[in-house]
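This report refers to the structure that appears directly beneath it.
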Amino acid sequence: MAVDPAFLHALPKVELHLHIEGSLEPEMMVALAERNGLRLPYASVEAVRAAYDFQNLQDFLDLYYQGMAVLRTERDFEDLAMAYFQRAAAQNVLHAEIFFDPQGHTARGVALEAVIAGLTSARKRAEAELGVSSELILSFLRHLSEEEAFATLEEALPHRDQFIGVGLDSSEVGHPPAKFARVFARARAEGLRLVAHAGEEGPPDYVREALDLLAIDRLDHGNRALEDEALIERLIAEGMALTVCPLSNLKLRVVDDLGAHPLKAMLERGLKATINSDDPSYFGGYMLENMAAVAEALALETHHLRTLTANAIDASFASPARKAEMHARLAAVN
């Protein structure tokens, strides 16, 4: 039986895998370029949107880094994040854990302080004005060196109270988690939470490295773990949450169609899967669109969607009190 759209909308949502730079809508890209006196290689908003029709991860990343170049000032980052929070609140997202890529900004001469201050201002406003709580996760670009990641971490540590953890993203193949074992150990010593993208395009061994060498608290993507039975059993035994991104997987050809997506199989095996939007402006949908699309394609029922939300609450880095509050909101939905 199809899930009632009213239930889908009313369902409280928790997003654990959202790149704030990936929420840059074409309209905002054009507006920020104008505000900052920058020339885009596109004649219109429609031309930008047409460029969002890419075929693979690398083509997407090339466009993603080009797009983020319009982000220059503290106000730009605040506006970007507030636009995301407003969309999230409209879809009944209660809590979001947001990646940001400082190296993509500092390499362009943008001060790290401006990035963090703008995002933090938006987070405070979102909680006060919209009731959306959030955390920031500083993400290292894996195509760069570990030395550069160390430098970014050291530069960010004076702002330690503004971000809860570190992550690892960008081009996966050829950049295994092992490359960043020392910087993750340093982050762990600072009391930061640890997450990493692994097993999206990279092999199951990358997931194993993220567990063994990075000692992650949460696994981002993780789809290819399903190719390794021993790894599946380990993830279940350890209660490791996976931040799964269905529309992202479809757009980047990780799956050929959503009917072949492994999300339902993950749930049925007992994996702690969650639904997330990843880079929603590029991949065609925020939390509600991801849930609706995968619910239809995989014939999910309301109990599956409740489980996905409960998993996300449990796997979040929110306080115990906030988690209890969100579980109560979930239980109240009929």
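Glycine is treated like the rest: Cβ placed from N, Cα and C.
Of the residues proposed, His95, His197, His304, His327, the one Swiss-Prot records at the same Zn(2+) site as His17, His19, Asp278 is His197. Closest to His19 (Zn(2+) binding site) by Cα-Cα distance, out of the recorded positions Glu200, His221, Asp279, is Asp279.
Annotated Zn(2+) site His17, His19, His197, Asp278; additional same-chain residues within 8 Å of its Cβ mean position, judged by their own Cβ, are Leu18, Gly22, Phe99, Asp169, Asp220, His221, Thr243, Cys245, Ser248, Asn276, Asp279.
The candidate set comprises the binding-site residues Asp278, Asp279. Of these, Asp278 has the most other Cβ atoms within 10 Å. Around Glu200 (active site, proton donor), a 10 Å sphere centred on its CB holds 23 further CB atoms from the protein chains shown. Cα spacing between His197 (Zn(2+) binding site) and His221 (site 'Important for catalytic activity'): 6 Å, rounded to the nearest whole number.
For the pair formed by His17 (Zn(2+) binding site) and Asp279 (substrate binding site), distance between Cα atoms is given as 9 Å, rounded to the nearest Å. Sequence-distant neighbours of His221 (site 'Important for catalytic activity') (same chain, 6+ apart, CB under 8 A from its CB) are His17, His197, Ala198, Gly199, Glu200, Leu242, Thr243, Val244, Cys245.
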